Structure formats: structure tokens, C-alpha cells
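Colleague: Among the features that Swiss-Prot reports, N6-acetyllysine is placed at K54, K250, K285, K354, K375. Residues annotated as (6S)-5,6,7,8-tetrahydrofolate binding site in Swiss-Prot, with sequence analysis given as evidence: L121, G125, H126, L127, S355, P356, F357. If you look up Swiss-Prot, you'll see H228 marked as site 'Plays an important role in substrate specificity', on the strength of sequence analysis. For K229, the entry in Swiss-Prot reads N6-(pyridoxal phosphate)lysine.
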Amino acid sequence: MLKREMNIADYDAELWQAMEQEKVRQEEHIELIASENYTSPRVMQAQGSQLTNKYAEGYPGKRYYGGCEYVDIVEQLAIDRAKELFGADYANVQPHSGSQANFAVYTALLEPGDTVLGMNLAHGGHLTHGSPVNFSGKLYNIVPYGIDATGHIDYADLEKQAKEHKPKMIIGGFSAYSGVVDWAKMREIADSIGAYLFVDMAHVAGLVAAGVYPNPVPHAHVVTTTTHKTLAGPRGGLILAKGGSEELYKKLNSAVFPGGQGGPLMHVIAGKAVALKEAMEPEFKTYQQQVAKNAKAMVEVFLERGYKVVSGGTDNHLFLVDLVDKNLTGKEADAALGRANITVNKNSVPNDPKSPFVTSGIRVGTPAITRRGFKEVEAKELAGWMCDVLDSINDEAVIERIKGKVLDICARYPVYA
């Protein structure tokens with residue numbers, strides 16, 4: 001018999017200490033990594049539930065194991081909410097991650113060796129959009145497209161590449177692009193050569209759900225997303241589609257299970273269901289609107305302080321600061337800001353002279369600070385502190401002074417009150 005009072009603290013002090021230290025780190029550091037966010041206690045309650053015990057290979061009503069009558073309800077709730085939230089008529093909530101959702105789409109729509117047009121990783125794309133170190137770059141013939149001199153997607157070049165290489169699939173979506181993507185234009189290009197349009201909206205799904213960023217679901221053949229990032233749910237993936245055939249939906253389901261995964265994580269799917277319900281609340285829209293406002297406010301300060309922002313601004317939750325002219329590397333900036341309890345990630349910028357392990361830029365995102373309650377005033381103040389650190393990157397006294405300010409604002413705006 002298992003006693004409910006069993007706990008980690010009394011049993012595994014070494015593990016518990018690391019967990020507690022991470023809790024303190026999250027409370028005492030300002031999180032600006034664009035792909036990170038804070039999930040609600042309700043989501044964590046679902047993830048720590050007895051649903052973690054249940055194997056449920058298959059789909060609701062079509063399981064390979066008995067005893068699935070209640071987890072069927074859980075998964076169907078998640079499916080129905082995903083469809084309602086994004087205006088889809090198909091949803092698969094089983095992918096363990098965004099990358100596995102993307103793997104399923106490749107598996108369902110393509111054969112190894114097929115040509116795919118994807119955004120260049122160095123211009124803001126993602127590993128799964130064709131990087132040579134990823135399955136996508138190893139199994140498929142990848143043709144990259146990118147951004148123009150203004151820092152925006154070069155649709156003329158994209159169309160030219162599409163007509164020249166005749167890819168079977170075009171990928172829209174990004175991990176470090178601050179503009180608005182013209183999904184309709186991408187579909188028009190895809191249709192002109194008979195290609196699939198697959199959109200990975202992982203970074204902007206929360207903004208899309210709130211109507212703050214254009215919804216790709218009506219335009220793409222298939223859409224994937226993560227359920228964390230701006231959506232603020234548990235770490236996981238999701239596949240969506242609208243207006244497709246039953247044959248396509250069967251292929252997608254089969255590509256997830258049994259094609260790429262075994263049993264789904266029912267405790268995580270419950271967390272997804274909760275997060276999707278939270279995303280339907282009016283306050284979620286207010287939150288996403290503030291995420292975008294905070295990003296614009298921070299960009300304003302960086303520009304005023306003489307820093308270059310890729311594409312000159314932002315229309316979503318993130319932006320890239322190009323440090324080439326400052327003779328700084330992303331690695332140096334990341335480390336110095338980290339010592340001030342400000343967490344960012346080093347990031348390549350277009351035409352970056354440095355390697356991906358060093359880089360010449362940093363990526364900044366506002367979902368997590370907005371979750372804490374930051375508004376434009378706090379966002380601008382924070383951007384100013386970051387510039388102070390970057391202006392005096394080797395001055396530990398400046399870094400310590402900013403760290404004190406960070407600890408103070410973190411105490412005033414706790415993650416979990």
C-alpha cells in the first residue's frame with residue numbers, strides 16, 4: 001500500500017534540494033527566454049495526478065488496453081477544446097513535444113528524400129525545419145528560404161525557390177522571427193506548385209488563441225504547436241487541421257501512434273486540457289495583448305540606447321538584439337545578464353560571423369515577465385537594466401547593482417503568490 005503522505009523531501013534530500021533551488025531560481029531570476037513560461041498550479045495539479053499511472057495506447061474509444069473509460073473523457077476534452085480554440089476540425093493532443101508533432105507531419109505527408117522548403121535556422125527557423133543535425137535535414141532534401149535586408153520574410157525569394165525546386169511541402173513558422181507571417185501568401189505559393197503548407201506555430205500559439213496574431217489554421221493543410229511557450233500549458237505538442245480529408249487525418253493519427261510514439265502521457269494531456277480551457281478565458285486575451293505590448297516597449301528602449309534590433313521591431317512576443325556593432329558576442333551577453341539574474345539565450349543573427357555556440361545576438365521574449373504581472377513601465381525599466389549591463393559588460397559592480405534591482409522587482413512580482 002502506498003501512503004499519500006510519502007514525499008521526496010523526507011526520502012531523497014539530494015533531489016529535493018535541487019528541486020527547491022530551481023524553485024528559488026525561478027522566483028529570483030527574470031525569465032526572458034522566449035520559449036519559456038510559467039504554467040498554472042492547475043496544470044501542475046493535473047501533471048502530478050494519478051493519470052500518470054494509466055497506459056492508453058490508441059485513441060478515445062479505440063484503445064488497446066482496458067480501463068480507459070475515464071482517460072478517454074480527459075483526452076476528448078483536450079481534443080474538443082483544441083479544436084474550438086483554434087477553429088480546427090481535427091486535433092491530435094498526444095505528441096510528447098513540438099518536435100514529435102513535426103516528426104508526425106513529415107511522416108504522414110512525405111517520403112524520405114522528398115524536397116521541403118523551410119526557413120533557414122540562421123534566419124529564425126527551427127531545427128525541425130531542415131537543420132542538417134536534425135532528422136528533418138537528414139531524411140529530406142531541404143531547400144532554405146530566409147529574410148531580406150529589412151529583416152522580414154522574403155516572399156519573392158520563397159516563391160522563386162518554390163517554383164525552381166518544386167518542394168512537396170513548404171514549412172511556415174519560426175523560433176526567432178519577430179514579424180507577422182502572411183499565411184495566405186504562403187498558401188498561395190504552395191498551391192501554385194501543388195505543395196502542402198505545414199505551419200509550426202509553436203512560438204505564437206497563445207497569441208493566435210487570443211486573436212493577437214493571425215491564425216494559420218484556415219490557411220495551412222496542417223498546423224503544429226507546442227502547448228507551453230505562449231500557450232502557457234504543460235510541455236507537449238499538438239497537431240491541428242481544418243478542411244482536410246479523413247484520409248489525411250487518419251495518416252496524421254497513425255504517424256503519431258503507432259508511427260512515432262507508444263502510449264500517450266495522460267497526465268500531460270490532462271494538463272493540456274486545463275491550459276486550453278484557461279486560454280478561452282477573457283483574462284488570457286488580456287495577458288497576450290500585454291505580452292505584445294511589453295515586447296514593443298522593450299524594443300523601444302533598446303533602440304533608444306543604440307542597440308540594433310533585427311527587423312527594427314517586433315509584432316509578437318520576441319525580438320533579436322544584434323550585438324555585432326557592439327563588438328559583443330551572444331555568449332558574453334548571456335553570461336553577463338545571467339550574473340544579474342536576467343535569463344536570456346544567445347542566438348544567431350542573420351549573416352552571423354560567429355558560430356552557433358558563440359553567436360552575435362540574444363533572443364528576448366516577454367511571455368514569462370508578463371505572467372508575473374509586468375506591464376510597459378516594468379518592461380522598459382528592465383530593458384534599461386539590460387542595456388546597463390551590456391554597456392558595462394566587464395564591470396561587476398554594475399552587474400551587482402542591477403542584480404539587486406532584479407531581486408527587488410522579483411519580490412514585488414512573484415511568479416506564484
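Every residue, even glycine, has its Cβ placed from backbone N, Cα and C.
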Colleague: Select one residue from K54, K375: among these modified residues, choose the one with the most other Cβ atoms within 10 Å of its Cβ.
Modeller: K54
Colleague: Return one of helix, strand or coil for P356 ((6S)-5,6,7,8-tetrahydrofolate binding site), based on DSSP.
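Modeller: Its secondary structure by DSSP: coil.
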Colleague: Quick one: pull the CA-CA distance for L121 ((6S)-5,6,7,8-tetrahydrofolate binding site) versus K250 (N6-acetyllysine), whole Å only.
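Modeller: Here the two Cα atoms are 31 Å apart.
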Colleague: DSSP secondary structure for K250 (N6-acetyllysine), reduced to helix/strand/coil, please.
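Modeller: For K250 (N6-acetyllysine) - judged by DSSP and reduced to three states - the answer is helix.
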Colleague: Spatially speaking, which of the recorded positions K54, H228, K285, K354, K375 is closest to H126 ((6S)-5,6,7,8-tetrahydrofolate binding site)? Use C-alpha to C-alpha, please.
Modeller: H228
Colleague: A 10 Å Cβ contact count, applied to the recorded positions H126, H228, K250, K285, K354: which residue has the minimum?
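Modeller: Counting other Cβ atoms within 10 Å of each of the recorded positions H126, H228, K250, K285, K354, the minimum falls on K250.
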Colleague: Using Cβ-Cβ distances, find the residues under 8 Å from the residue listed as 'N6-(pyridoxal phosphate)lysine' that belong to the same chain and are at least 6 apart in sequence, listing them in sequence order.
Modeller: A34, S35, E36, N37, A202, H203, A205, G206, P367
Colleague: Let's check the environment of S355 ((6S)-5,6,7,8-tetrahydrofolate binding site): how many other CB atoms sit within 10 Å of its CB?
Modeller: 11
Colleague: For each of L121, L127, count the other CB atoms within 10 A of its CB; which of these binding-site residues has the top count?
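Modeller: By the 10 Å Cβ neighbour count, L121 comes out on top.
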Colleague: Among G125, H228, K354, P356, these being the recorded positions, pick the one whose CA is nearest to that of K54 (N6-acetyllysine).
Modeller: H228
Colleague: What same-chain residues, at least 6 away in sequence, bring their CB to under 8 Å of the CB of G125 ((6S)-5,6,7,8-tetrahydrofolate binding site)?
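Modeller: G118, M119, S131, P144, I171, G173, F174, S175 - these are the non-local Cβ neighbours of G125 ((6S)-5,6,7,8-tetrahydrofolate binding site), listed in sequence order.
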Colleague: Rank aside, I only need the closest one: which of the recorded positions H228, K250, K285, K375 has its C-alpha nearest to that of S355 ((6S)-5,6,7,8-tetrahydrofolate binding site)?
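Modeller: In terms of Cα distance, S355 ((6S)-5,6,7,8-tetrahydrofolate binding site) lies closest to H228.
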Colleague: Fewest other CB within 10 angstroms, which one of the binding-site residues P356, F357?
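Modeller: Across P356, F357, these binding-site residues, the one with fewest Cβ atoms within 10 Å is F357.
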Colleague: Which one is closest to F357 ((6S)-5,6,7,8-tetrahydrofolate binding site) in space, judged by CA to CA distance, out of the recorded positions H228, K250, K285, K375?
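Modeller: Closest by Cα: H228.
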Colleague: At the Cα level, what's the spacing in Å between L127 ((6S)-5,6,7,8-tetrahydrofolate binding site) and K375 (N6-acetyllysine), rounded?
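Modeller: With distance taken Cα to Cα, K375 (N6-acetyllysine) is 32 Å from L127 ((6S)-5,6,7,8-tetrahydrofolate binding site).
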